[in-house]
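**Q** Mind having a look at this structure? Questions to follow.
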Amino acid sequence: MLQMCNEAKLIQTFVSESLVLYSFSTLISHRYNFCRNHMYCIRQEERWRGRKKTETNHWWQRETPFSSFVPKLDARNRLNAAREIDPVTLPNCQLIKGIERGSEDIDILPNGVAFISSGLKYPGLKSFAPDKPGEIFLMDLNEEKPRAVELRISRGFDLASFNPHGISTYIDKDDTVYLFVVNHPHQKSTVEVFKFVEDDNSLVHLKTIRHDLLISVNDIVAMGPDSFYATNDHYFSDFILMFLEMFLGLTWSNVVYYSPKEVKEVAAGFYSANGINISPDKKYIYVADILDHKVHVMEKHANWNLTHAKTLQLDTLVDNLSVDPDTGDIWTGCHPNGMKLFYSDPENLPASEVLRIQNILSEEPVVTRVYADDGSVLQGSSVASVHGGKLLIGTVFHRALYCEL
């Protein structure tokens, strides 16, 4: 019997190692085939081989093609698996009625009207209603007792497969409000563009944007009625390869600029580019690398390219970024312990944490923990947005919190 158990363990080990090797070889093959068809990667290969440097050789590119393939088995550190937090409470908070299936991203207009994406189904993460389509809610923070109202979406849009993720608003010169929504129908990535009709609290679907460079889109920041920056949190969209990408510590995540005239990669070398936003003066783009626990400040140029300006190191998994238009402060929903978020143990709930970052461009930014909860009230915070002394905290798959500061 002992011999049979040992043989079974050997077989299990062999199968497991074979699966990893097969997945890794598949991953490399995908990368090679992608590079064959994209000049950016071809130029990288030329640099790796010691040829003349080209204009695409940016600060984030590696010096060797093999360095990005070296397994970095410190996934527990990237997920902050050992971290526990002390609670930080706010006195005037209440859970928002009607939001039961997540509030992954929140964007607030200058007039105090907030849009909330809900119902995200993301590979490897919990969902309280996996068979229900996603929703977009609206909250008017000018009301004495703000409430969440589901927005009606125009006919012709495929509601059944609606799986909203990051969102961003853009107000045109004629005061038209456009809502950009990252969508994952059938585990793919698209960007849906809607027009907000205030009179009847509805969204009119204008178009769906797809592109080969929009592979695994997480968040978005609108630059115009049909242009935006977007983060790809993974190089792959296949769940097994996504997991392997994270496990090996591959820095293949990036930021893409999209417009009808031009689509290009403008920043790369992230473990997992997540939240993205823009400074009030429109000069800088902020990018959160959730697995590297960093917020990157990127200078925006006239040709829409981005260059690295500075990096802020934190001790938490930074998700979405919101910018207070009045002060320039960055508010972010964070995951103190990412391992708990993925395992979703009812006896060990994923915690929530909200940080406020002041003067990020200075030599000594001020980082304040505004809110922290062990998951007993709010699980898996992903965003925090403020307007007029009011704070909204959203989550990946749980509830949402309204606070008066």
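A Cβ is built for glycine as well, from the same backbone N, Cα and C atoms used for every other residue.
Automated prediction, rather than curation, is the source of TrEMBL annotations.
Pulled these from TrEMBL:
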- Cys93-Cys403: disulfide bond (DISULFID)
- Glu104, Asp105, Ile167, Asn218, Asp219, Asn274, Asp319, Asn320: Ca(2+) binding site (BINDING)
- His165: active site, proton acceptor (ACT_SITE)
- Asn320: N-linked glycosylation site (CARBOHYD)
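Map the listed features onto the structure and describe their local environment.
**A** Within 10 Å of the C-beta of Cys403 (disulfide bond) we count 20 further C-beta atoms, all protein chains included.
For Glu104 (Ca(2+) binding site), the count of additional Cβ atoms within 10 Å of its Cβ stands at 30 [all protein chains shown].
For His165 (active site, proton acceptor), the same-chain residues 6+ apart in sequence whose C-beta sits under 8 angstroms from its C-beta are Glu104, Asp105, Ser117, Leu120, Tyr122, Val181, Val182, Asn183, His184, Val217, Asn218, Asp219.
Neighbour count (other Cβ atoms within 10 Å of the Cβ, all protein chains): 30 for Asn320 (Ca(2+) binding site).
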**Q** Taking 8 Å from the centroid of the Cβ atoms of Glu104, Asp105, Ile167, Asn218, Asp219, Asn274, Asp319, Asn320 as the cut-off, which other residues in that chain fall inside it around the Ca(2+) site?
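**A** Neighbours found: His165, Gly166, Val182, Gly275, Ser382, Val383.
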**Q** Write down the Cα-Cα distance for Ile167 (Ca(2+) binding site) and Cys403 (disulfide bond), rounded and given in Å.
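**A** It is 21 Å, counting Cα to Cα.
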**Q** Across all the protein chains here, work out how many other Cβ atoms are within 10 Å of the Cβ of Asp105 (Ca(2+) binding site).
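**A** Step by step: centre on the Cβ of Asp105 (Ca(2+) binding site), count other Cβ atoms within 10 Å, giving 30.
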